[in-house]
Amino acid sequence: MDLGASVSWARPQEGPGNTEAERQEPRTGAEAGAPGPGALRAPLLLRCLYLVGFLDLFGVSMVVPLLSLHVKSLGASPTVAGIAGSSYGVLQLLSSTPVGCWSDVIGRRFSLLVCILCSALGYLILGVSTNMFLFVLARVFVGIFKHTLSISRAMLSDLVPEKERPLVIGQLNTASSVGFILGPVVGGYLSELDGGFCLTCFICFSVFILNAGLVWLFPWSEVSVQSAKSGLRLGENRAPLGKTHCAPQEASLGPGRVEGEEARRPWAEGAAALRRLQSLVFSEMGDVFLVRLLMALAVMLYYSNFGLALEERFGVRPKVTGYLISYGSALGALAGLVLGPLLRLYRHNAPRLLLHSSALTCLLLLLFATAPTLGAAVVPSMLLSFSTAVGRTCITDLQLAAGGAQARGTLIGVGQSVTAVGRVVAPLLSGVAQEFSPCGPPSLGAALALVAVFIMLLNKPRYGGDGSGRLKSE
């Protein structure tokens, strides 16, 4: 099956993001069907991005488990603590799309540096916060600028052929998951020392500064030739969504050259990108983002009362629950290592893999909700980490396949905004479902996942199966 078949469910018809320049882009390695393991561009830069992803979640996961204890030590009421905690999700919802669009217009390198440094400032302020004002100020900085992984995914998609994209994104997720496994262990140890929270935040700040240094020292020379050939300027890719032939257009303007110069201004480019993205999302990609929202809600409902459900249903102690979460996270990290063989098994058909992983997630949620014993609940709990990790990678790949070369950061930002909506809505749905039963949240999650599976099945006939990836004529 050729490349187009890998997006047979979700790749839309030619739109604002699928430009002629992108269709004529030279193909190399696996993208052109050449033999061999797939010649990835700039392998050293890829490894550096994996390290950035690992350090990012390593630093964050040291601090996040300690936030509730720190808010309590500041004397905040549960209501105030809840509002302060939800502010992060709201800010992520509002900032994900603009930051992604900004990275498309200004360039990945500069936007990534700014996001890392501003996030570092937020964690430094958090470490010295002695009142709720400083705590909220720190969360504002982090909520607005903590988009390191989103921009890294967009950068990875710029560097590799389309067939290799799910694999490298899965490897980035694996590196990040390893950081998330190790971070809480280090943070828990440091929190027992005098001034442990402040020390943990300072170490997190130092990790982010180290990350900024890595980005500054990235081997950009490895990709300068390839990115110039493909029209992607990773350090300075200031081209709006769907506009890759800027120079010929300007030359054709003649006396109206000022119009082309005006269009090259960052704010004008960003506004044009968002306008075109609106048409792309609502007319052609609504089903993709709806599936992402439903699956995000399903998984968040499961995790929202995981520990409480195990305690009420089976009398499991918090220590054992912590071990189960760690084992599940480790299995989720392994998903990135087996994603390559899985994609080859599916002949690089990411939509089909997403459909099957979502159906498996639905089944596992239902098995967990109806498990009569602890052993029967542990097995689906462990496998859920694997199926959700595969599903996240596939849905991201589908978004990128539809957006074109100049829209990748924006589309990933929209996807993060959709996930942020889930973070805001899931606690409310979980509370309502839990009023009926401890099994309520995972049961509701299974129902939402089933709806997502039906949406994928209903939309599948709208796309050609001939490998073109285009909509059938109606």
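Here the Cβ of each residue, glycine as well, is placed from N, Cα and C on the backbone.
Sequence annotations record features per position, and here TrEMBL assigns region 'Disordered' to 1-35.
The annotation domain 'Major facilitator superfamily (MFS) profile' is assigned in TrEMBL to 45-464.
Among the features that TrEMBL reports, transmembrane segment is placed at 48-68 (among others).
Per TrEMBL, the feature transmembrane segment maps to 74-94 (among others).
Residues or ranges marked as transmembrane segment by TrEMBL: 106-126 (among others).
According to TrEMBL, the feature transmembrane segment maps to 132-156 (among others).
For 168-190 (among others), the entry in TrEMBL reads transmembrane segment.
Taken from TrEMBL, the feature transmembrane segment applies to 196-218 (among others).
Cβ atoms under 8 Å from those of the transmembrane segment (285-304) belong to residues 10, 12, 354, 358, 361-362, 365, 368, 384, 388, 391, 395, 398-399, 402, 414-415, 418-419, 421-423, 425-427, 429-430, 433, 441-442, 444-446, 448-449, 451-452, 455-456, 459 of the same chain, restricted to positions at least 6 beyond its ends. What TrEMBL records for 285-304 (among others) is transmembrane segment.
According to TrEMBL, the transmembrane segment annotation covers 324-346 (among others). For the transmembrane segment (324-346), same-chain residues at least 6 beyond its ends with a Cβ under 8 Å from one of its own Cβ atoms are 163, 166-167, 170-175, 177-178, 180-181, 306, 310, 316, 352-353, 378, 381-386, 388-390, 393.
Sequence-distant contacts of the transmembrane segment (353-379) (same chain, six or more residues past either end, CB-CB distance under 8 Å): 9, 291, 295, 298-299, 302, 310, 313-314, 316, 324, 342-343, 346, 387-388, 390-391, 394-395, 398, 439, 442-443, 445-446, 449-450, 452-453, 456-457, 460. The transmembrane segment annotation in TrEMBL covers 353-379 (among others).
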Across the domain 'Major facilitator superfamily (MFS) profile' (45-464), average pLDDT on the 0 to 100 scale: 79
